[in-house]
Amino acid sequence: MQDDRVVAYASRQLKAHEENYPTHDLELAGIIFALKIWRHYLYGAYFELYSDHKSLKYLFDQRDLNMRQRRWMEYLKDFDFDLKYHP
């Protein structure tokens with residue numbers, strides 16, 4: 001958001017194997033998708049990331065992650081952001 005306005009939107013269709021992902025992973029995949037698209041704008045800058053999925057707020061505190069989540073967590077560590085819940 002810039003001046004309290006949305007700057008851009010993005011969407012894509014789920015791949016066949018992604019349709020079997022749990023909701024938690026689908027929300028996280030959406031965040032990863034957005035960060036990959038706009039990484040050249042976001043890398044090195046602080047930003048706030050809003051999600052309507054409350055469990056993602058506690059993602060960094062979880063101990064037992066599957067390999068896919070671990071790989072995505074490594075990617076997220078490159079960015080300076082706060083994940084906030086927005087109902």
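From the backbone N, Cα and C atoms, a Cβ is placed for every residue, glycine too.
Per TrEMBL, the features are as follows:
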type   : residues : note
DOMAIN : 4-79     : domain 'Reverse transcriptase RNase H-like'
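Across the residues of the domain 'Reverse transcriptase RNase H-like' (4-79), the predicted structure has a mean pLDDT of 91. Secondary structure counts, DSSP: the domain 'Reverse transcriptase RNase H-like' (4-79) has 42 helix, 7 strand, 27 coil.
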